[in-house]
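K.L.:
Handing you this structure, nothing more for now.
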């Protein structure tokens, strides 16, 4: 059985148990799964069924399942209707997961849930909810394990036992001074391997890097990936430790940012939710298509202005889309490579040198493809040496423009502080259409028509 | 100073120190950086300078720097010329990083390096080199920390101290039986928090999932990301523990696979190396452009076959690229969303339902954009109600084809066991060109021409 079939079978079994109304059996069946797998099953059910499933799960499993679900898939009505249960569920979670779940609710419902929580928990969540979702503050959890620099290894282990009693995973133990300022870390590994009587300030390691609470999440992911960090401390402007971000958050960020980049690049809205419905997809993509209709209409105007050239040599109408398509393809290549370069390593590649490189690639590939096209232009019916030359130079020119623009536009956007991924293929198709038609028909009116008439 | 400027300044300083020939100062300057940052600086130098820099670094830093460099950037000549130094460097590294560095050398040089290593290390590396680079075996390291199920917590900690003496980071301690078969894990956290006299089989946790040595690296990354695992054990067919893969490997895999997907999607070779030279970029992209020349020539043939239609209504030549471009854009949208869906979660979304959804989106967006285009077709010079109808139905039809094909092709590839990302936008541009021209010119000869003549 493939994984898709296993998934279908699990969903079917849950549906049967729901219909039979056998809560005990459903509980027993589902709790054997990992919360990620329960989340998958739930996302295939309708809202009412989701509510029934969450009702039979223990708080521990139900909360972990909610945390693993896509936020868009949360059964919002259920959550709004029962703030007591939501409060019980979020108490099981780390602060960042709790804030993600509450943050999705209408603000009246948020207040109702927060009112059910102990004062300190509610205050912590209010702090987290105030951060922009796409910054370090929005991603971090405030559940950090920290010890005083003056403690011994043994005292530190005792302290960690106490702090970690709530069961949250941790990978580093942070060392702070008495004002809560971050001084360094001790790894669990070092604690396990050290003699118990050594002092923490003997085994402390400097923090390679801490991120400010306002840093963009994409930048946080880049730092953690660059230095292979399993966890990174988040500090406020006074360098006080206020939270941490772990590798699993980074994986989620990378996934989300990559989806955003690919969708933008293809001229879809970056906000399109992959599992969303038809209506949402229509709404997200229609504006881009309308924009494309507008920009390619400019290309149509170019052709209209040259209509007498087309009338005198209709074969040009057949060649036009070939020039346009090749320009679009070459531009998309240059654009994709440049955008990806900038996404992976803006420091090293966000320079004008990249534009020179793509210009050189366009020059060479344009010459090769232009020559091939020239041979076709010579050999086809109604072809000639003159047509061959026209096709060659039009193709060459268009591929140079495509290579240049494909690198220039994203690099310029990066230099201006904008997201280079905004440069989508929609604009490039139009741009290379316009230049391609202009080159082809302009050259034809200059070189080819005098020979015909 | 921006990060790019800091990088330029660092490179400039290293160049100055190299020219001054001051090895001691260069050593002192560079060793203050993280190996990832040294790797960045080195990649901006030429081969001779790279060799000089690696010569002044300590084995520990030089080896970590090599491990952080892109494999394509390794100073291969230097490595081939000095197998003794390479052997010293790889002894500093974990087995997977060592195998990556040696695996890039010509096989004669590989043997020379292996001959310099202790027999057991060489045997371990030979085993690793035998695995396909893109499978779990090619990514894993064999440096695992494991304890016997029969040990006490205290004995286990002693054993871990012994095994971890080489300094490799670890996140889980695996528990094996006397034949080396994987039974479970104990987290460091649990060991730190447990009473020293408890037995390992009291604190053992079942392994959520272990991956077979032959599993594709992309699948490994998906499993680890799905279950938020910091480290995953790799087993042979007899369930014996032979290695582990950690979260930092997963980040590298996700980065590489994403780059591959985006480049493929844009019709670039998936093997194009982002920091590579102009020559390599030309070689990688040219075949795709030649292929595009071939496929779009089919679209040109369609137009040629309808040339009498174009002759009778040259305005059609101006409308053609608009229909083609919109089809291309809509197809690219459907394709990008579908490919990304399949990449993130093939189990849930790799179904024909996705095709139905994209067909519905094409139907609606085609009707809207087709209606807008019809208004343009009516209002423009030489426009008419008949031209409006022709443009509308051609646009509509092309957007339906684009939506259907954009989802159908990748889903079909997935069902056939092929990589859906192979479906690049190059094919789609040609496909929607062909259908667009056929619809437009066919409808024009049927509806529009009788009105004109």
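Note that Cβ sites are derived from N, Cα and C of the backbone, with glycine treated the same way.
Those TrEMBL annotations? Automatic predictions, nothing curated.
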K.L.:
If you check TrEMBL, which stretch out of A:268-287, A:288-307 is marked transmembrane segment?
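P.N.:
Among A:268-287, A:288-307, the range TrEMBL annotates as transmembrane segment is A:288-307.
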K.L.:
When TrEMBL marks a stretch as transmembrane segment, which of A:225-249, A:425-449 is it?
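P.N.:
Here TrEMBL associates transmembrane segment with the stretch A:425-449.
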K.L.:
Under the DSSP assignment, what numbers of helix, strand and coil residues are found in the domain 'CBS' (A:140-203)?
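P.N.:
Going by DSSP assignments, the domain 'CBS' (A:140-203) contains 24 helix, 18 strand, 22 coil.
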K.L.:
What counts of helix, strand and coil residues does DSSP assign across the domain 'CBS' (A:204-260)?
P.N.:
24 helix, 16 strand, 17 coil
K.L.:
What mean pLDDT does the predicted model reach across the domain 'CBS' (A:140-203)?
P.N.:
83
